[in-house]
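Let me begin by presenting the structure, written as structure tokens, before commenting on it.
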Amino acid sequence: MAPSSACSRRGSLRLAALLALCVCSRPVQPLAAPLAAPPRLPRVCSRTGQPLASPPRLPRARAHCCAGEAAPSLASRAAEAAGAVYRFSRPHTIRGTLLACFTGVGRALVETPVEWALVPTMLPRAGLGVLALLLGNLFIVGINQIYDVDIDLVNKPFLPIAAGRISPRAAWALVVGSGLAGLAVVKTCFNPLIFYLYLFGTLIGGLYSVPPFQLKRFPLAAGITIAVCRGFLLNFGVYYATREALGLGWLWSAPVAFLARFMTIFASVIAVTKDLPDVEGDRKGGIQTFASRYGTKKVAVAASAALMLNYVGAIATACLAAPGTFKRWFMVSGHAAAAVWLAISTIKLKADSAKSIKQYYKQIWNLFYFEYMMYPFI
């Protein structure tokens with residue numbers, strides 16, 4: 001090939017390449033922002049060559065609060081522990097104790113209106129008295145749960161020890177601590193008579209559950225124990241502790257005597273009916289109760305009959321007492337209404353239904369509360 005022809009061909013190829021480059025190329029745009037960081041390569045295991053899972057990256061907005069996440073956890077655990085202690089104290093008994101406290105104080109103040117000016121000065125002492133009663137209540141119901149845990153696994157698996165929400169060691173700490181603290185408060189703040197009444201109530205309340213005595217095994221002894229604690233000791237104790245705090249001495253009070261008598265019988269009924277929902281567990285635990293021996297229906301009817309006679313006695317007391325002893329119209333109408341309430345609850349009871357039995361027992365406690373609510377006004 002001629003040299004001139006070869007040179008001409010090379011020139012044509014160069015010209016064509018230059019034209020193609022000019023057509024296909026684009027002008028370079030300036031960067032509007034700094035270049036982003038290069039993407040991270042996945043982490044790889046040096047031995048297997050498999051990619052390693054990376055921990056999830058938290059959003060930037062949550063980074064500042066991660067250190068504070070322990071606080072809600074501690075708060076929730078504290079709330080759960082407080083709830084377990086509250087259930088350990090058996091709230092329905094706490095309500096009865098508080099009502100006895102407040103209405104007993106109210107009764108004492110109603111009978112001594114001239115002393116109302118002393119109320120602000122006695123409030124701290126009254127508060128300590130209420131605290132002592134709540135501590136005594138916690139001691140009695142707590143020690144019962146400790147020794148009844150095997151039975152409660154059948155009858156009341158929701159209770160804190162049976163449910164595993166309170167350990168036996170923690171339960172013992174609560175029981176011993178509340179018992180000693182209650183005795184210390186009463187010993188420090190009240191006279192010897194009130195202290196010995198409190199000590200006696202705490203003692204027999206403990207013997208109700210503690211082997212080898214375990215008075216709850218004997219229906220009559222169990223009934224007497226509960227009747228003495230909730231009927232006589234609690235009501236007389238609160239009333240006369242209030243009078244002592246006001247600087248007043250012993251005074252016979254017909255309403256207080258009536259309530260002590262009425263509530264002693266009522267507490268005996270509670271001592272019997274409390275076993276109605278627990279027949280199965282009591283039989284497995286070898287605990288003899290009226291309910292496990294005679295059956296739920298017979299015991300419930302007998303308990304209602306005894307309580308009905310108690311209401312009839314209350315109405316008769318109001319009608320036969322000397323004028324001015326009681327507020328007759330209030331006492332008669334209130335106890336008549338309670339008697340109707342009891343009759344309806346008994347009629348609704350279905351002995352073969354655990355739910356119905358529990359509802360009946362709940363109404364017995366509601367009537368118990370209702371009596372205390374009437375107490376200051378009779």
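The backbone N, Cα and C atoms fix where each Cβ goes, and this holds for glycine too.
Remember, TrEMBL labels are computer predictions, not curated facts.
The signal peptide feature in TrEMBL is assigned to 1-30. Residues or ranges marked as transmembrane segment by TrEMBL: 126-149, 170-187, 193-211, 218-240, 252-273, 299-323.
Listed stretches 126-149, 170-187, 299-323 were compared with the transmembrane segment (193-211); the greatest number of C-beta pairs under 8 angstroms is found for 126-149. With a threshold of 8 Å between CB atoms, the same-chain residues lying at least 6 positions outside the transmembrane segment (170-187) that come near it are 85, 88, 128-129, 131-133, 135-136, 138-139, 142-143, 145-146, 160-161, 194-195, 198-199, 202, 206.
If one looks beyond the transmembrane segment (218-240) by at least 6 residues along the same chain, the residues whose Cβ comes under 8 Å of a Cβ in the stretch are 96-97, 100-101, 104-105, 107-108, 129, 133, 140, 193-194, 197-198, 200-201, 204-205, 207-208, 250, 253, 256, 259-261, 263-268, 270-272, 288-290, 293.
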